[in-house]
Amino acid sequence: MSILFHAYPLARPALFAMDAETAHEVTLAQLQRAYDCGLTRKLLHAQPEAPATLMGLSLRNPVGLAAGLDKNGAHIDALGNLGFGFVEVGTVTPRAQPGNPKPRMFRLPRANALINRLGFNNQGLDAFIANVQRSQWRSQGRILGLNIGKNADTPIERAAEDYLIGLAGVYPHADYVTVNISSPNTKNLRALQGGDELSALLGQLQERRLALADQHQRHVPLAVKIAPDLSDDQIDAIAEILPRHGIDGVIATNTTLARDAVQGLPHAEEAGGVSGAPVHELSLRVIERLRSRLGDAVAIIGVGGILSGRQASEKMAAGAQAVQLYTGLIYRGPALVGECVRALAQGSR
């Protein structure tokens, strides 16, 4: 365990000398190699016990991997064995698509932030499902979330068709499914967070889920991932709509379009969503507002800007039942997982 944890700080300067997306791919490849060689397989069992329940699912601990790091579900076991209590992969779209032109990912180290405009680059639903089926994660009793989106060339008026295809495809292979309507990098996608649009989409998804539950004889929870750049009125509208359509969870939040915290830094004016430290306070606001409106009706997963165990605890104190990591892993490495698990285990005593 210590070899892997000490290796990342040593490797980080070399990784940060690379283009951000290239470094991401190199890191995943090396992590997969470490897993295949057995170097990470004890990490999962090295974490303290911090049992939690999320959307009716039993978690070993409430620290999860956020979607986006493994878009194609090709590294589920390697990533999960870093000590996560649950793993979410995707976003996957019905058809393969290349995403936006490169370069499309930028580091802002002084702000512990990233800007990305990846645009749901992925290999498509069939390849995604094949990767998920090869994983041993769920067969070990671990929790896997599958995140679905719409293709860039699907008109927003027909977005529901893509989500329905995605839901039907991933349903048999998921412990929960996340509906991503908050990426800023797919044109007009965030319009689906609006009251009428959201209600119409979720109504269709709930109807399809009921049919799938009957077909597969099991209930798979549905979560919705929302943006941090919402007004109080928009948050309140979402909080009213989610339980009405039987939604089990809400993931708060995706990346922000705000640039206040990174203004003047290199790459700050690049198009795309900001993740990392600048999102922490924004997501806390959304979590607190959601919890005050939802009560216990819908589970909240807190994500955005967690770079320490303390910040994971702040997400939980704001009203989250679980947290997810992504950008913090890039800046802190795999040691962040254990730090967050320990902080939450201590806080639950």
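Just so it is clear, glycine is given a Cβ too, placed from its N, Cα and C backbone atoms.
As recorded in Swiss-Prot:
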- S183: active site, nucleophile (ACT_SITE)
- A67, G68, L69, D70, K71, T91, N147, N180, K225, T253, G276, G305, Y326, T327: FMN binding site (BINDING)
- K71, N116, R117, L118, G119, F120, N180, N185, N254, T255: substrate binding site (BINDING)
Where the record says K71, N116, R117, L118, G119, F120, N180, N185, N254, T255 bind substrate, what is the longest distance in Å from one Cα to another among those residues?
16
How big is the Cα-to-Cα gap, in Å, between R117 (substrate binding site) and S183 (active site, nucleophile)?
9
Of all the recorded positions given, N147, N180, S183, N254, which has the fewest Cβ neighbours within 10 Å once its own Cβ is left out?
S183
Position of peak Cβ density within 10 Å, selected from the binding-site residues R117, K225:
K225
List every residue in the same chain as A67 (FMN binding site), at least 6 positions away in sequence, whose Cβ is under 8 Å from its Cβ.
E88, V89, G90, T91, G145, N147, T178, N180, K225
How would DSSP class K225 (FMN binding site) in three states?
strand
What Cα-Cα separation, expressed in whole Å, is found between G119 (substrate binding site) and L69 (FMN binding site)?
13
Return the maximum Cα to Cα distance in Å (whole number) over the record's FMN-binding residues: A67, G68, L69, D70, K71, T91, N147, N180, K225, T253, G276, G305, Y326, T327.
20
Can you tell me the CA-to-CA distance separating S183 (active site, nucleophile) and N254 (substrate binding site), as a whole number of Å?
7
G119, G276 as binding-site residues, winner by CB count within 10 A:
G276
Other than K71, N116, R117, L118, G119, F120, N180, N185, N254, T255 themselves, what residues in this chain have Cβ atoms within 8 Å of the centroid of the substrate site's Cβ atoms?
G68, T91, G99, S183, P184, T186, G272, G273
Which ones in the same chain are close to Y326 (FMN binding site), with CB under 8 Å and 6+ residues apart in sequence?
L65, A66, G68, L69, S275, V303
